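In what follows, a single structure is set out as structure tokens and then discussed.
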Amino acid sequence: MKEIREGAPGAQLDDLVAALGALAERRGGDGARAVITGVTCDSRAVTPGALFVAVRGLVADGHHFIGAAIEAGAVAVACEELPAAYSDSVTWLVVPDARKALAELSKAFYGNASDKLMLIGVTGTNGKTTTARLVTSMLNASGVAAGYIGTGLCRIGNHDIPLERTTPEPNRLHDLFRQMVDAGCRAAVMEVSSHSLVLDRVHGLFFRAAVFTNLTPEHLDFHETMEEYAEAKRLLFDQLNAEGFAVINADDPRAEFMAARLAPERVFCCSTGDNTSLCDPARRFHAVITASTVEGSKADVTFDGQSMAMQVPLPGAYNVMNMLEAFTVGVGLGIDPATALRSLAAADAIAGRMERIWSRDRSRCAVVDYAHTPDALQKALEALRAVTPADAKLAVVFGCGGNRDRQKRPEMGRIAAELADRVILTSDNPRDENPEAILDEVEAGMAGRVHLRIADRAEAIRRAVEQLGAGDILLVAGKGHEAYQEIRGVKHHFSDRECLEACFAQMK
């Protein structure tokens, strides 16, 4: 794969304006000579020669920062409303929807790189990262150079680029697509969040395949209702290209809703149960689990009259579904089924996704997982309960993030109390909230169940490791791959994996 290139060459303003079509009203400036050096919606990121897009955000209105952007060197501004007084020395583009304009301008600035890639999008509450990373591994192992964009990072070959958001803003997203194309990628696999769909971050992208993993309560502080949340997720399937197909988890109650606007011949369905009504038999992929350990599962997969064995290097029935959907994407794209299964079984471990950490004598196992919703916590605990020896204990350390959906806190407390033998409540990115107040709300769902409450996450993990006996399994949930603890706007370095490794190293 070629060397990764950072940045992009300049673009003629006239060419960018053309990408907006007739909807943009243009005033002022000298577009004939203007060369744009960058596109951004963040006035703090403006550099001389940039085009600033004034987006009305959830917290702040970009129109209030137009002056700051011009002072920083912006030579053009796209906005929905002109300032009361404005200078003709700057080119003004008045647009009906600044979010869509940001996506269109960014795509044009980076040379329509996304059109040169086979795009595969994965959406759902849980399982996006695992499924997307599995698809990426499968494509690369099958000879299709693929980049990945998702939770925490963008990966192009062996090069990792940190990301703040699961699905970045359009200017960042199209920069990443450009880097992928320049590095020789033929495909991009990306997690597509509900926020990104509603906020038009993926506007103008057309997907060869789109995957729905599941839908459970999450982000209701943003979407307000499950119906709105489901509708947001379904928007992804409206962006399939002419050859595009959907892969739907038929076991999810919203499966039929997700597929409702698609022609039957564009839908593949996956099931580990008895759900057979969603798809034509030739388009059904079914898995039956035959063996499970903390190291992973084995399953028999049937599809289109064929039956094959599938090795899943992650524990839990839900990870069988994640791999089944990744496999279905491969078959849908024309990859040889045996090749697809071999590459999936050999996929690299995913940080913070059922990541196993063992004591030196391998008698005790800790599992780090990103489970931070009620459904994810329940599935993780159920998966580990199924592989915990009858004479051993299952323990969990977890908390709930601050400044996020408060409704889930007592529910997660209830789930932990019901499914684990030992529970330790602790902090998980309290952000601007009082950590003890968050734990009070989690505790409210535990119905008096005996547990420990240790707000210091490192101390909570240390105590949990001390309590482990031979054969016991400890789930440390909520943060997964994250290497920080966010407190009052400051991200302090902290890694569950590093903390566990240190605790096991000290164990006699």
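Glycine is treated like the rest: Cβ placed from N, Cα and C.
Residue ranges 168-171, 372-375, 428-431 are listed, and Swiss-Prot annotates 428-431 among them as motif 'Meso-diaminopimelate recognition motif'. The record from Swiss-Prot ties Asp428, Asn429, Pro430, Arg431, Gly478, Glu482 to meso-2,6-diaminopimelate, and of the options Arg364, Arg385, Arg404 it ties Arg404 to that site too. In this structure the alpha carbons, written CA, of Lys128 (ATP binding site) and Lys233 (N6-carboxylysine) are 12 Å apart.
Taking the binding-site residues Asp428, Glu482 in turn, the residue surrounded by the fewest other Cβ atoms inside 10 Å of its Cβ turns out to be Glu482. The average pLDDT for the motif 'Meso-diaminopimelate recognition motif' (428-431) in the predicted structure is 96. Residues listed for meso-2,6-diaminopimelate, Arg404, Asp428, Asn429, Pro430, Arg431, Gly478, Glu482, cover a largest CA to CA span of 17 Å. Annotated pair Gly478 (meso-2,6-diaminopimelate binding site) and Thr125 (ATP binding site), C-alpha to C-alpha distance, rounded: 14 Å. A strand conformation is recorded for Arg431 (meso-2,6-diaminopimelate binding site) in the three-state DSSP classification.
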